[in-house]
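A.B. asks: First the structure, which I've put down as C-alpha cells, then a few questions once you've had a look.
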Amino acid sequence: MERNVILAKNAGFCFGVKRAVDEAIKYQKEFGKKIYTLGPLIHNNDVVNYLEDNDIFAIELSDTNSLNKGDVVLIRSHGVKESVIKDLTDKGLIVKNATCPYVTNIQLKVKKCYEQGYKIIIVGDENHPEVIGINGWCNDSAIITNGKTELENIPAKVCVVSQTTEKKETWNKVLNEIVKESKEIVAFNTICSATDVRQKSVQELSKEADLVFVIGGKNSSNTTKLYEICKKECPKSYHIENVKELDESLLEDESVKTIGITAGASTPDWIINEVISKIKEL
C-alpha cells in the first residue's frame, strides 16, 4: 500500500548534543585512554552503547572519588553546578566542558541576577540534570516549577529562566502567573530556538499525519515533550527508541495514508533512517 512518509524539520541531533558527542570522541583520541562523562552524555541508550565501544563511559559524581589524578572527565551538554567543576579540578582530574553554549548562557544569567538580589525561578523539571545544574549557579536556591501547579508566595523581585527543552505554552503560563504577583521581573525566554522550531514543526506534522512515530530515548525530556505535543493532535502517536520497538501491526491499518516521523535532540540520523527504511519496506 502506497504511503506518504514525512520527516519533521529539525528532527534528530541538536547542535549542543552533536557538539558533546564530537568533543567526547575527540578527547578520547587525543588522550588515548578512557574518558568519563558525568552521567550519560546524552539520553539515548544506543548512542551510550556506541560511546562505550569507543572507551567513553558514564559515571556518577560519587564515582569520581575512585578516579586517579590525570583522569579525564567530560561535562555533558546538560551542564553541572558551578561547585562541581571546582571539586573535580581540586581532585586533580582533567576537566573538559561540553556544556551546551545555550545552557552556559542560562547559568551565567542566573549567577549574575542572583548576585544582584533577584530570586531565581526556573521553569522546568526539577529532576532534570540541566535544571539541577542551573540551580547550582544560584546556590541551589531557585524556585523550580513545571507549570502544573500554581506558584505560591512569589517574591517581588524575580529572574525567570527556562529549561532549554521546555514547552512554549508552559513558559507562557508560568510567566503570566508571575506577572500578576511580582513588581520587578527579569525574564529570559531560554527555550532553545531549535527546540521551539522542532516543537512547532511536529505540531504541524501531527495535524496532517494519520500516524506519528516519535523516536528517542524514553529518558529524554525533549523527546517526551515532542510526544506529548504529537499526541494532542494525532491520537495515533507512539514514542519508540529505535526500529526494534516499531510495532508493525500499526502499519496494517489501511486508513493510515500519511505517517509522520520526528526525533528528539539525542537521536542520531542512523536510528531515524532505520525506522524510515523499515516503514517503507512494509
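Cβ from N, Cα, C; glycine included.
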A.B. asks: Which of these, C14, C234, does Swiss-Prot say binds [4Fe-4S] cluster at the same site as C100, C192?
C.D. replies: C14
A.B. asks: If you measure from the C-alpha of C14 ([4Fe-4S] cluster binding site), which of the recorded positions H43, H128, E130, S220, N222, S266 fall inside 10 Å?
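C.D. replies: Cα filter at 10 Å returns S266.
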A.B. asks: Can you grab the distance from S221 ((2E)-4-hydroxy-3-methylbut-2-enyl diphosphate binding site) over to C100 ([4Fe-4S] cluster binding site)? Cα atoms, rounded to a whole Å.
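C.D. replies: Pair distance, Cα basis, whole Å: 15 Å.
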A.B. asks: For S266 ((2E)-4-hydroxy-3-methylbut-2-enyl diphosphate binding site), what is the secondary structure by DSSP, using just helix, strand and coil?
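C.D. replies: Assignment for S266 ((2E)-4-hydroxy-3-methylbut-2-enyl diphosphate binding site) reads coil.
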A.B. asks: So, three-state DSSP: helix, strand or coil for H43 ((2E)-4-hydroxy-3-methylbut-2-enyl diphosphate binding site)?
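C.D. replies: In three-state terms, H43 ((2E)-4-hydroxy-3-methylbut-2-enyl diphosphate binding site) counts as coil.
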A.B. asks: Within the same chain, and leaving aside H43, H78, H128, S220, S221, N222, S266, name every residue whose CB is within 8 angstroms of the centroid of the CB atoms belonging to the recorded dimethylallyl diphosphate site, in sequence order.
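C.D. replies: Near the dimethylallyl diphosphate site, the remaining chain residues are I42, E130, T165, G217, N219, T223, G264, A265.
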